[in-house]
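*Asks:* Here's a structure for you.
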């Protein structure tokens, strides 16, 4: 291998949004993640909504009426002369 062209491969501290911290190796000194194996529903067996930037709230607000009729487009007004 050539000297000086490869990135520095070092120990990295990974911090999850739930507070879990672990170390691994990477070219970055620190990583911040939203979800890890300690809080992911697949690994914990608990149902948990992972809401990124309020997407669930936005969806519920958009479809709050809940009826199909409210989702249809309104009729166009008659043209006047």
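Cβ from N, Cα, C; glycine included.
So Swiss-Prot lists these for the protein:
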type	residues	note
BINDING	16, 18, 36, 39	Zn(2+) binding site
*Asks:* I'd like the number of other C-beta atoms within 10 A of the C-beta of residue 36 (Zn(2+) binding site), please.
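*Replies:* That number is 17.
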*Asks:* In three-state terms from DSSP, label residue 16 (Zn(2+) binding site) for me.
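*Replies:* SS state of residue 16 (Zn(2+) binding site) = strand.
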*Asks:* Test of understanding: give the count of other CB atoms lying within 10 angstroms of the CB of residue 39 (Zn(2+) binding site).
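*Replies:* Counting Cβ neighbours of residue 39 (Zn(2+) binding site) within 10 Å gives 17.
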*Asks:* Can you tell which of the binding-site residues (16, 18) has the fewest other C-beta atoms within 10 angstroms of its C-beta?
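*Replies:* Each of the binding-site residues 16, 18 was scored by Cβ atoms within 10 Å; lowest is 18.
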